[in-house]
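According to TrEMBL, the protein has these features:
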DOMAIN    151-173  domain 'C2H2-type'
DOMAIN    177-208  domain 'C2H2-type'
DOMAIN    359-387  domain 'C2H2-type'
DOMAIN    604-626  domain 'C2H2-type'
DOMAIN    631-655  domain 'C2H2-type'
DOMAIN    690-718  domain 'C2H2-type'
DOMAIN    720-747  domain 'C2H2-type'
DOMAIN    748-770  domain 'C2H2-type'
DOMAIN    773-800  domain 'C2H2-type'
Amino acid sequence: MTQFFSFLGTRKELDGLKKESKPKRLFERSVNQNPVRQNAVLILKHSTAFPFKTRFNRIICSYCHEEFQNMTILREHVTADHSNADFNSAFYKVVDDLKVDITQFKCNLCSVDMANVDTFMTHISRDHGISVNFDVPFGVLPYRQDTTGLWMCLDCYKSFSEFSQINAHLRSHVKILTCDKCGATFLSKQGLRQHEKSFKCNKASYKPRFGKALKHRSNTEIILQCSTACPFRTWGHNFNCVFCRVQSNDPVGLRTHMANRHANFDIQLVFSRKLRKDFLKVDITDLQCKLCFMAIDSLDELMTHLKNDHKQPLNFDVQPGVLPFKLNDGSTWKSAICKMQFSNFISLKKHTSEHYHNYVCDTCGEGFITENALVAHTRIPHDNKFKCSRCIATFTTLEERNLHVKTQHTNLPYMCVYCKDKPRFGTWELRCEEQVGRKGNVKLKSNEQRYARSARAEARIATKGNAKALLECWSLCPFTWHWSRFKCAYCEEGFLQCAELRAHVTECAPKHSFKDIYSNYKEMSLINVDVSEATCRVCSCSYSNVVHMRQHAIQHGYHLDSAQPDGVLPFRLDKEDWRCVICREPFNNFLKLYEHMNVHYQHYICATCGKGYMTAMRLRKHSEVHVTGSFPCDKCARVFTMRAARDHHKAQAHAKGPRYGCPHCNIRFKTYYHRMNHLNEAHKEKLVLYKCNVCELTFSTSAKRGAHVRSVHLPQQRTFPCAHCDWLFKNKSDLKKHMVKHTGDRNYSCTVCGKSYPRNKTLRMHLRSHEDLTCKLCGSLFKQRSQLVDHASIHQPDLNELNALGSNKITT
């Protein structure tokens, strides 16, 4: 018997064959066990439908998860790279119906055009004999574009220009299934069942303050349908449209956009998937009833009016489901419920939500609208468990401690863990070199064995590699700029002339390595490079555009990661003509040009206001503007609400010496204007003038030009009222000058006679009275300049004779 089956091989070989058979992947088993997904696989296999996924309304390939800007590029990508792909892999991490593009929808078996998915499934079953399960859904969500690029709805034939609009509109044609525990929404029962199995939803263990879970959705729909309440979202300091990606920091502009673009919006589209059980923000500045056009002041009056006068089915035992705001024109922030006034919208939003606190934390007493917000809050420790390793400060959360370390302990962040004294270093490379030097006989672990790099670390390494490749391929001039001086990036020697800097860097670069540049930085930063005389070291061709330099370096075999920044910041150093090398915009000095580069290299975005910056250090410096609280000055008794205001006060009022220094002779001046005059007169440098973009006037400083534009070319609005009278003023400075009339303060005293005056201008006029008012002809002394002028008329005939004699002498 053993010999008879010997051709099959030995038992070990048979066992090996069994081991080689790999188990099916999880999503393959889910497809084979799900008849809905089996129908979807038939569509992918026998038609030209292109599967895709979305993340924040961005299009992603279902096979390789690469992101694309539009659907046309996705079609070309799938055709070229995934023509023989495993269709089961398209369902990886898909809980709802699979999204497919059927713009060019055809049958792969007979090349017949198909109108929709239903027609296609009937066609392959009837004409090609393929088994289709018509008792269950087909498991796909179809999208289609017309010839002009507009997205077409296959149910109501509406067209949309943006993918985000059609993506939100399709949810109005399907039944939305909601998880009762956490409020997550799904398009299919399969997605809801998988969510309930895979995720541990927050159980209803917290009882609301009003005794029951309040379902406010119906009240919210009636309010939006029967009134002019304008729904909106917020992101930082911007107000966002709930239907499209339009952002505006002006509430008037948002209301105009809603009236023009979304006048008759679909109520169901307002309730996005992210809203869940949270309250919707609405602007009730111009609140009216759509049924009788009656003007209404508050949300409570609106609900009473709709309930009593129009018999709308509002439930007063349930909350309205909206957070009302009166945004007005954005100049004042008043609560629409209790009439309290706030300095900014963030404080107003936090206060408004306090009126609808359904759940309260038992530990700290903080209230929340939804149960999910309370559960997330309880996961944060309520005592200061996180301590700073470099000072005595303690923090409630890990994020607060990390922010403290990044902003307060920026120097020498890397510590050696092998030495007893725990020395610190400015860069990671210096710390590694020190470890190798001190423990030469100990074999340190490799980077792969010691730790796994994060995505952020990999991005920094790739950016450094890009900068290194560009500096090796091109004769760029790396430099730094500090205190009006250009410094060599290798040895930090300073220069005032750009030509001298370029000549020095050409001699200094061969003596140093690329690591010497980053050793001078406390943290990762972009390298400033001068591209005025940039030539390729391989073929001697010249470019000034960094994008062309990158492409040219790749042609010579240099490796650059296209997914990461170039690592360099290009400039053309020319003191006669400061211009941006990217957009060619002119500037008066290098400082303004350097600040302008934040527009083109927004690698770090402020989460509060949305501004972008080149480096993390600049973002941290900017973020101090948004830090509010109590910041006392340690030199005087003044207290400021913002840290930036406190620092500006200390620099101006308690400066150790003059702030502005001359880079040539080291003389320091109190103001920027005096230093520029000194550079022009003593060192013959070109005087910087700031020209008005509207008229022909020029100014010595940018601040004076800005004041001129605001006062002359912009419409003046008197929005600063006096609290003691009916006067209105254009700005806070004029109001402060006016307040002297009511307070009677005399803070400006004469150092000669001791008289005091309410304004500095009046004091300067008074000081003229102490000038030398002696007549040069007769020696008479006067107390006032007007008396001296009247007296000078007595000597007028003598002056005429002297002038006549002088003119005769000249002519002879």
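Quick reminder: no glycine exception, Cβ is built from N, Cα and C everywhere.
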Review point. Which bits of the chain, at least 6 residues beyond where the domain 'C2H2-type' (690-718) starts or stops, bring a Cβ under 8 A of a Cβ in it?
Key: 588, 592, 672-673, 676, 728-730
Check your understanding: For the domain 'C2H2-type' (720-747), what are the same-chain contacts with Cβ under 8 Å, counting residues 6+ beyond its ends?
Key -> 711, 756-759
**Study point:** Within the predicted model, mean pLDDT of the domain 'C2H2-type' (720-747)
**Key:** 84
Study note, to complete from the structure: Residues in the domain 'C2H2-type' (690-718) per DSSP class, helix first, strand next, coil last, are 12 helix, 4 strand, 13 coil
Practice item. By DSSP assignment, list the helix, strand and coil residue numbers for the domain 'C2H2-type' (604-626), in that order. Key: 11 helix, 4 strand, 8 coil
Exercise for review: Could you tell me how many residues in the domain 'C2H2-type' (748-770) are helical, how many are strand and how many are coil under DSSP?
Suggested key: 11 helix, 4 strand, 8 coil
